[in-house]
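K.L.:
Here's the feature list from TrEMBL:
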- B:C95, B:C100, B:C136, B:C140: [2Fe-2S] cluster binding site (BINDING)
Amino acid sequence: MEFLLINHPLDCPICDQGGECELQDLSMGYGDGVSRFTEGKRVVKDKDIGPLIQTDMTRCIHCTRCVRFGQEIAGIMELGATGRGEHMEIGTYVEHSLVSELSGNIIDLCPVGALTSKPFRYKARAWELTAHPTIAPHDAVGSNIELHIRKNDVMRVVPRDNEAINEAWLSDRDRFSYLGLNSAERIAEPMIKKAGQWQTTDWQTALETAVEGVKGIVAKHGPEELGGLISPTATLEEAYLFQKWLRGLGTKNIDHRLRQQDFADSQSDFSLNDWALADIDDSDAIVLLGSNIRAEQPIIAHRIRQAALSGATVSNINFFESDLLMPVQHQLAVDAKDMAYYTLAGIAKALTQANKEDAAEWRELLGERRPSPFEQNVALQLSNARNATLFVGDLINHHPQASVFRALAKLIASLSKTTLVILPTANSNAHLKAKTLPSENGMNTMQMWQSDLCAYVLMGVDPQMDTAIPDDARRALKRASFVVAINSFHSDVINEHADVILPAACFAETSGTFIGIDQQWQRFAGGVEPRGDSRPGWKILRVLANVSQLNGFEHISSQDVVDEIESEWNMGQKPASHDFIPESFSVTSDLMLISEVPMYRTDSLLRHSNALQQTPENKANDVARMNQQEADKRGVNHQLPVIIKQGENQISLPLEIDDAIADGCIYVAAATLASVAIGRMFGQVEITQAGPSS
Amino acid sequence: MTEMLLTGPKEGLFTETLREQMDTWIAKYPAGQAQSAVIPCLHILQAANEGWLTTAIMDALASYLSIPAISVYEVATFYTMFELSPVGKHKISVCTNISCMLCGSEKVMQHIEQKLNIKPGQTTEDGLFTLKEVECLGACVGAPMMLVDKQYHEFLTEDKIDDILDRLNS
Ligand code: SF4
Ligand code: FES
């Protein structure tokens with residue numbers, strides 16, 4: 001104890017860890033009351049390791065937990081012990097921000113106050129906080145977390161152990177998103193637009209205006225002219241009441257798949273039964289298809305890494321190569337056209353060669369191709385495995401021809417007895433249960449935006465940032481005669497085109513249910529009062545239904561809603577499933593824009609979390625990337641910005657030469673202010689060099 | 001000194017001769033454990049860069065060995081034989097650990113300090129000598145001792161030190 005304290009400052013009252021410090025506890029329990037050490041203590045300069053983690057390195061006791069976390073869990077060793085003896089220091093040596101998407105966990109690991117949360121620094125003392133268990137809203141696994149609350153403010157978020165889900169870890173995204181709760185952009189009061197001017201009003205008036213407007217449209221133009229779109233981050237209860245209310249008004253146009261562009265395979269059944277996250281640990285072969293898994297689902301990436309370290313083979317097929325921080329056997333960056341036509345079809349073909357009986361209906365489509373060595377290797381990897389898993393990620397799911405890829409993935413999975421996992425977005429599994437999906441002959445997201453309906457009801461949707469074709473969304477809302485937004489945050493498009501804004505409570509402020517990738521229903525209660533005059537979404541929807549004079553909305557608590565969903569689900573017939581078989585594998589060619597929603601921009605709450613927006617990986621988003629060869633071919637270089645043209649839209653971005661990007665592709669992050677102007681995620685684009693600015 | 005290539009694909013890093021030298025060391029360890037060769041590789045690179053290592057060299061070595069850069073920094077900052085800033089032509093490392101201390105290393109140090117007019121950690125103005133204080137070099141039987149470049153000098157006296165340094169100076 002005395003040795004540990006030789007260089008450790010004894011100023012616990014000014015240390016942010018005070019009150020929750022393992023060293024302080026040990027010292028209290030076993031240490032002496034007085035220090036015999038009278039010599040000078042050493043001082044270590046603090047390091048800047050980014051906007052999320054604050055260092056106070058004089059307090060470090062060299063336990064090297066943070067170093068080993070990097071090595072063993074995050075898979076990226078960024079911190080190390082440099083120097084020796086008295087001069088040993090923990091740091092990055094060359095100052096830089098940590099890039100690990102799990103970096104926040106070292107805050108919990110560090111036994112002393114050397115590594116603490118930067119946004120939380122000096123904000124509160126551990127003993128002033130009350131802990132409230134809840135479920136994290138961003139990763140599609142439903143990480144178990146604890147809100148640390150003082151009065152009515154969420155002061156920080158820490159993980160709760162749950163071996164079946166997040167183990168002891170938490171992604172930075174779910175740890176720091178709470179910072180958005182107190183954003184100045186939060187909507188505090190119900191608002192209605194009168195003669196083009198926004199006015200705050202009371203709930204009653206706002207609700208009545210909303211219902212009158214919507215009902216008016218339905219009466220005048222028919223319910224086909226009403227569309228409802230809800231964000232997949234909404235809770236199960238919100239999703240259920242949303243669709244129940246709108247269906248009660250007669251419309252069939254309901255959807256939550258905001259960024260999906262291809263709905264041809266909506267009859268296919270991709271649901272996973274009896275699959276748990278822990279099954280990843282037992283997989284001995286894992287193939288990632290169109291998923292930048294570390295950014296998309298950090299906790300799943302962590303599980304895959306652990307599987308890879310214990311011997312599973314991993315293959316990665318995407319539009320760009322990425323560093324997965326784990327041993328990868330086969331990696332291929334290929335454009336969409338070749339991915340469908342050669343890679344996936346080739347793997348399928350290689351698998352059918354082993355068993356000629358299989359997949360008769362695909363025979364003609366697959367034709368007489370000869371699988372490449374890569375395709376054969378992946379086929380072997382899957383068919384030789386005892387327990388293989390194929391993950392299909394957002395880059396495929398958001399692709400305009402997603403159905404072709406998913407159909408091939410399904411074929412490959414069934415030929416090789418592989419578990420197919422279509423990665424969900426946030427709480428989208430709950431939305432499938434709650435049926436925030438178009439009814440028969442109803443419109444899906446794309447059709448709703450493209451048909452310029454008369455009225456839209458949006459819940460948690462920022463039409464600019466959360467949609468596949470921001471352009472269509474903007475235009476549709478502009479032309480619509482009535483728009484209701486049940487949102488938590490202001491956004492330009494909503495302010496410009498909505499007629500009624502109903503402020504909804506956010507994560508942490510409402511009770512609800514989260515259904516993660518493994519289909520576990522996790523209930524949680526609200527931890528703090530909703531900001532300002534906002535109300536929990538499920539209550540808003542219930543009252544909207546009451547005001548609309550619909551029956552069956554007598555729910556008193558969100559539990560009542562869940563009970564109803566459960567009984568309906570148990571009684572209801574599972575929809576018949578038809579596997580989608582594409583007519584051909586041809587996917588549009590030429591220079592393709594590939595877009596991915598960056599990790600910290602997937603929903604409004606994240607986009608309002610300042611610390612996350614300050615991270616270097618987030619700031620690196622405002623560039624276009626393509627490989628050297630492609631740039632040469634198109635006659636552009638990185639010295640001047642490039643102009644990317646899609647239809648009538650164009651944006652200008654700096655070009656970064658990045659040889660990880662596949663030939664024929666240009667990568668632009670979606671959901672950023674720079675990229676929304678282009679109008680559509682994915683699709684054909686033209687590129688030219690911008691002239692020197694005059 | 002030939003230019004070393006410090007960026008780009010790892011097959012082309014440094015120079016061909018340096019790669020050959022390093023590869024013989026890497027080959028001594030089991031496949032996939034190139035990290036074990038980090039010390040000899042640092043020696044080779046340090047020798048090729050006027051006796052010291054730049055961050056760029058360490059980064060390049062990290063990608064050459066496919067290990068995290070911090071793993072190279074850790075080693076380079078740990079061992080006193082690696083230099084992270086420019087050094088003189090000759091490096092004098094005086095041991096001041098227990099045996100040498102008992103046999104008068106303090107005087108040895110003092111004498112050199114006066115003679116060269118530098119303190120430990122410094123380099124003479126003409127760039128000829130760098131003085132360092134180091135821990136036990138395993139030559140306690142010959143205490144007090146110092147290491148000049150690659151040569152051990154034992155049973156040091158003031159005359160002997162003068163002699164050694166003057167010879168290097170001429
Ligand atoms: S976890 Fe904290 S105390 Fe331990 S080595 Fe890292 S910074 Fe130091
Ligand atoms: S103490 Fe000086 S060489 Fe051992």
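Every residue gets a Cβ built from N, Cα and C, even glycine.
In TrEMBL, annotation is done automatically, which means it is predicted and not curated.
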K.L.:
Determine which residues of this chain, when B:C95, B:C100, B:C136, B:C140 are set aside, have a Cβ within 8 Å of the centroid of the [2Fe-2S] cluster site's Cβ atoms, and list them as they appear in the sequence.
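P.N.:
Neighbours found: B:T96, B:N97, B:I98, B:S99, B:M101, B:S105, B:E135, B:L137, B:G138, B:A139, B:A143, B:P144, B:M145.
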K.L.:
Taking the Cβ of B:C100 ([2Fe-2S] cluster binding site) as the centre, how many other Cβ atoms fall within a 10 Å radius?
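P.N.:
A count of 27.
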K.L.:
Name, in the order they occur in the sequence, the residues of the same chain whose CB lies under 8 A from the CB of B:C95 ([2Fe-2S] cluster binding site) and which sit 6 or more residues away.
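P.N.:
Correct list: B:S105, B:V134, B:E135, B:C136, B:L137, B:A139, B:A143, B:P144, B:M145, B:M146, B:L147.
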K.L.:
Check the DSSP secondary structure of B:C95 ([2Fe-2S] cluster binding site), expressed as helix, strand or coil.
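P.N.:
Going by the DSSP assignment, B:C95 ([2Fe-2S] cluster binding site) falls within a strand, counted as strand.
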K.L.:
If H, G and I count as helix, E and B as strand, and all else as coil, what does DSSP give for B:C100 ([2Fe-2S] cluster binding site)?
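P.N.:
It is helical.
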K.L.:
Compile a sequence-ordered list of residues in the same chain as B:C140 ([2Fe-2S] cluster binding site), six or more apart from it, whose Cβ lies below 8 A from its Cβ; state 'none' when nothing qualifies.
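P.N.:
When sequence neighbours closer than 6 are ignored, B:C140 ([2Fe-2S] cluster binding site) has B:S99, B:C100 within Cβ distance under 8 Å.
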